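> Take this structure, written in structure tokens, and hold onto it; I'll ask about it next.
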Amino acid sequence: MTLVAGVDSSTQSCKVVIREASTGRLVRQGRAAHPGGTEVHPAHWWAALLRAVEEAGGLDDVAAVSVAGQQHGMVCLDESGHVVRDALLWNDTRSAGAAADLVAELGGPTAWAEAVGSVPVASFTVTKLRWLAEHEPANARRTAAVCLPHDWLTWRLAGALALPFPSWADAPPPPLDLLVTDRGDASGTGYWSPATGAYRTDLLKSAFGAVPLLPRVLGPVADAVSGGGPMRIAPGTGDNMAAALGVGARPGDVVVSIGTSGTAFAVSDTPTADPSGAVAGFADATGRFLPLVCTLNAARVMDAAARLTGVDLDRLGELALQAPPGADGLTLVPYLEGERTPNLPAATGSVHGLTLATATPAHLARAAIEGMLCGLADALDALAVTPERVLLIGGGARSEAVRRIAPTVFGRPVLAPPPGEYVADGAAYQAAWLLDGEVHWSSRSPAVHEADPVPAIRARYAATRPHILDRTP
Ligand SMILES: Nc1ncnc2c1ncn2[C@@H]1O[C@H](COP(=O)(O)OP(=O)(O)O)[C@@H](O)[C@H]1O
Ligand SMILES: O=C(CO)[C@@H](O)[C@H](O)COP(=O)(O)O
């Protein structure tokens, strides 16, 4: 039996699945937590990957592996391959001013959308590099190469494979020219064009003042390390691109992922360029494109509501289902981390419509879930496609309350695939694809969730959304 491994190094944790290459049957899995915060030393990702691999029973019997990771994070390496500073993650908003400057310098949002398919906000790597050049010039000068979280982990794996697994933790960094990436993750940098398939080093030079070494961009099915050992390494990709593969998204589908980020994305045969900036024109992991809208506030809104109400996530869901749709007018605008779409990096969350009657844990629980889903309903609208199917995935989709409330907010049925690790599965799929050239994995049918639409929920949310305070008092 040939086995493949898929890794999901996402914001909150690292997950590893080991599947049978021919059928996709799940054989073993493991996971390990990442530290909190929006800047993280990449060594923590490597340590978590090793713990998750160990929990999954190791990779000795695995023929191919692929790593998917949180998009956009800035990993700077010096000439010897050592990390220059903690990586700034996709949800770190300190580069919001740099983003605004870069947009103005190129002549406005349309110029960016035409150049790289997306209008950069603080999440994009290019804005983080501008921030670094302005605020930490010594670190900027030491930066010989820039890569993304999945690129860095793939590169560390490439360097470790020659050693037995117990020694992987101590594997020295490989040469910088072994760094590779893929179209999907490259498209989140702000200096690679999905339409032309080429780096825009001119934009990088303007933003950062220099052009460090960049990872080689591989096609969807290519070895990340040529002439490697017995285990092959696929190119990997960004976590949303891997999720699209893992869930088997096809043209006509919109996938809504409720993880740390909230994302809504569709598979497209053509590149997109939205000058409003709401839709990022990413590439996918198959050679196609993945227009995507991302919010900074999704599953953690429920974590916060659970803390506020003093219950666990299961109880939070039960409470939410006790309150009526619309929570009797209690409305929560979920900008707890600032927001990316709409681009309000300094915003805070707010609660409106408090009365003696709505001041209950059940109302707050319902308002939190509805508010988070309203942000995603806005994301679905921004995608401007008429989906045949809306598929709900991510940690937050494990909540029955989310699955039952989503159709009332979205105004249409949603399909919930069986709970699973679809990002890691997508990576495993890519590894199987590398081995066999084609993959025929069967999947279980998603459960259909239907409910009467309640348009008043979004109407009230739209009325309250502009009434927010910034985080600077
Ligand atoms: N049963 C559940 N109900 C609600 N939320 C859940 C449940 N299980 C997990 N989650 C949420 O899933 C989130 C993690 O989702 P995940 O997709 O793994 O995130 P990421 O990929 O960003 O690291 C946590 O914030 C947690 O709140
Ligand atoms: O920035 C984006 C998409 O553009 C995020 O979706 C990150 O890729 C993080 O994903 P999760 O950890 O929330 O899955």
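Just so it is clear, glycine is given a Cβ too, placed from its N, Cα and C backbone atoms.
Relevant sequence annotations retrieved from TrEMBL are reproduced here:
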DOMAIN    5-217  domain 'Carbohydrate kinase FGGY N-terminal'
SITE      ASP8  site 'Important for activity'
BINDING   GLN71, HIS72  substrate binding site
ACT_SITE  ASP239  active site, proton acceptor
DOMAIN    255-433  domain 'Carbohydrate kinase FGGY C-terminal'
> For the domain 'Carbohydrate kinase FGGY N-terminal' (5-217), report the average pLDDT of the model, please.
97
> Give the distance between the Cα atoms of HIS72 (substrate binding site) and ASP8 (site 'Important for activity'), rounded to the nearest whole Å.
15
> Once near-sequence residues are set aside, which residues in the chain of GLN71 (substrate binding site), 6 or more away, have Cβ atoms under 8 Å from its Cβ?
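Listed in sequence order: TRP90, SER123, LEU148, ASP185, GLY188, GLY238, ASP239, ASN240.
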> Counting across all protein chains present, how many other Cβ atoms fall within 10 Å of the Cβ of ASP8 (site 'Important for activity')?
30
> Between the recorded positions HIS72, ASP239, where is the Cβ count within 10 Å the lowest?
HIS72
> Helix, strand or coil for the residue listed as 'active site, proton acceptor'? Use DSSP.
helix
